[in-house]
Amino acid sequence: MACPICSKPGVPAYRPFCSKRCADIDLGRWLRGDYVIPGASQDDLSSDMNGENEKNSGEGLDSRPKRP
Ligand SMILES: [Zn+2]
């Protein structure tokens with residue numbers, strides 16, 4: 001499996017990365033929010049705090065406001 005950071009062959013110890021450095025780079029991207037997870041936007045937090053009407057629909061994902 002190629003390292004997703006630098007595309008070099010990965011090593012088992014840091015799979016799928018090739019080194020701890022690349023693993024740290026990937027982790028850093030996660031922490032900084034460079035990776036956008038569809039359907040898990042940060043707006044969820046503020047929505048919960050505001051107590052918007054989406055709570056009424058329970059787990060209705062379709063009621064989530066869509067931001068362009
Ligand atoms: Zn790498």
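Glycine too: its Cβ is placed from the backbone N, Cα and C atoms.
Keep in mind that this is a model prediction, so the values were computed, not measured.
The Zn(2+) binding site annotation in TrEMBL covers CYS3, CYS6, CYS18, CYS22. The annotation region 'Disordered' is assigned in TrEMBL to 39-68. Under the heading compositional bias 'Basic and acidic residues', TrEMBL lists 52-68.
For CYS22 (Zn(2+) binding site), the same-chain residues 6+ apart in sequence whose C-beta sits under 8 angstroms from its C-beta are CYS3, PRO4, ILE5, CYS6, TYR14.
Other residues of the same chain near the Zn(2+) site, with their Cβ within 8 Å of the Cβ centroid of CYS3, CYS6, CYS18, CYS22, are ALA2, PRO4, ILE5, SER7, LYS8, GLY10, PHE17, SER19, ARG21. Using a 10 Å Cβ-Cβ cutoff, CYS6 (Zn(2+) binding site) registers 12 neighbours. Cβ neighbour count for CYS18 (Zn(2+) binding site): 21 (other Cβ atoms within 10 Å of its Cβ, all protein chains included).
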